Amino acid sequence: MNNRILLNIKNLDVTIGETQILNSLNLSIKPGEIHAIMGKNGSGKSTLAKVIAGHPSYKITNGQILFENQDVTEIEPEDRSHLGIFLAFQYPVEIPGVTNADFLRIAYNAKRAFDNKEELDPLSFFSFIENKISNIDLNSTFLSRNVNEGFSGGEKKKNEILQMSLLNSKLAILDETDSGLDIDALKTIAKQINSLKTQENSIILITHYQRLLDYIKPDYIHVMQKGEIIYTGGSDTAMKLEKYGYDYLNK
């Protein structure tokens, strides 16, 4: 049994402006685990994702975020990324004028520099990334396109998964990855996420619906309400929520 804790959140209070959004939140995740976070709109799910990644709009007023036993509560988002924390956004942004090849190479080489490794030149990187692309069922012409510009919903999500694979993230936080996907695209994305899962990395899935969890089975499901985790259960929790709604947890 693995007793090592990858992510440990202790008594976290978070505000934005004068509004408190997270309240004394606790969460611990071991390597190799998949955790799903569910809850109604406005329950704090996406806020939690952004706070773990270090979004500057949110202020932590109490508590700690430990990643591999290192306190990352106050460190910059890019440093958290270098340590192995990856956030896939619900709505990935377009970056006109920047090709995927350039964007991915810069991100990858920044990670290598942090790890005290030599950067890859463009030719070496292209050979490296082509293998990653084929594993995620993307055409190599994808590299010459601008980041997310004119992409379908499925292509944007595949791009996020490619970044997750490229950076070899230890903790991937996927914020409503199923949003806007038809069933075929959802199955494809889920298959790719499952293929990247190892006993050394962990995944947080943030979702409203059971359908994503039909294809990616979580070890634990946490339900959030008003900035708190009010319930933690097994993978069958999603089916109960689908059948009875969130209110049954308050009965």
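Glycine is treated like the rest: Cβ placed from N, Cα and C.
Record features (Swiss-Prot):
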type	residues	note
BINDING	Gly39, Lys40, Asn41, Gly42, Ser43, Gly44, Lys45, Ser46	ATP binding site
DOMAIN	7-251	domain 'ABC transporter'
What does DSSP call Asn41 (ATP binding site) in the simple three-state scheme?
coil
Given the recorded ATP site (Gly39, Lys40, Asn41, Gly42, Ser43, Gly44, Lys45, Ser46), which additional residues of the same chain have their Cβ within 8 Å of the Cβ centre, ordered by sequence?
Thr47, Met224, Gln225
Hey, what's the Cβ neighbour count for Ser46 (ATP binding site) at 10 Å?
20
Give me the non-local Cβ neighbours of Lys40 (ATP binding site): same chain, 6+ apart in sequence, Cβ-Cβ under 8 Å, ordered along the sequence.
Gln225, Tyr246
Counting only other Cβ atoms and using a 10 Å cut-off, which of the binding-site residues Gly39, Gly42, Gly44 scores lowest?
Gly42
In the predicted model, what is the mean pLDDT computed over the domain 'ABC transporter' (7-251)?
90
Go through Asn41, Ser43, our binding-site residues, and report the one whose Cβ sees the most other Cβ atoms within 10 Å.
Ser43
What residues, ordered by sequence, lie under 8 A Cβ-to-Cβ from Lys45 (ATP binding site) and sit at least six positions away in the same chain?
Ile37, Met38, Gly39, Asp175, Ile206, Met224
